[in-house]
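What follows is one structure encoded as structure tokens, with my remarks underneath.
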Amino acid sequence: MKNKKREENDQLEMLEGAKLIGAGAATIASAGAAIGIGNVLSSSIHSVARNPSLAKQSFGYAILGFALTEAIASFAPMMAFLISSVFRSKKEG
């Protein structure tokens, strides 16, 4: 009886650990978003340096690139919260 209870407790602890690892892995997208923002800024600077007369139009495209990249970055914490809070394990007392 005690051995079975211990086995169930071990399984619940492993599930909780796997959830935390999954939530942490979901935040890796933040690093990708940071790289994407750097690429957008770099491309914007290069395009203005090559053709200064298109700086105004290029700025609009750069803002669009920032917004789309940040949208991806906002999905990462959302998925981490979903993994850690919505998928709860059933603890039997």
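Backbone N, Cα and C define each Cβ position, glycine as well.
Where the annotation comes from TrEMBL, it is an automatic prediction and has not been curated.
Mean pLDDT for the domain 'V-ATPase proteolipid subunit C-like' (21-83) in this predicted model: 86. Positions annotated as domain 'V-ATPase proteolipid subunit C-like' by TrEMBL: 21-83.
Remote same-chain residues near the transmembrane segment (20-41) are listed as 62, 65-66, 69-70, 72-73, 75-77, 79-81, 83-84 (criterion: CB distance under 8 Å, separation of at least six residues from the stretch ends). What TrEMBL lists as transmembrane segment is 20-41 (among others).
Per TrEMBL, the feature transmembrane segment maps to 61-87 (among others).
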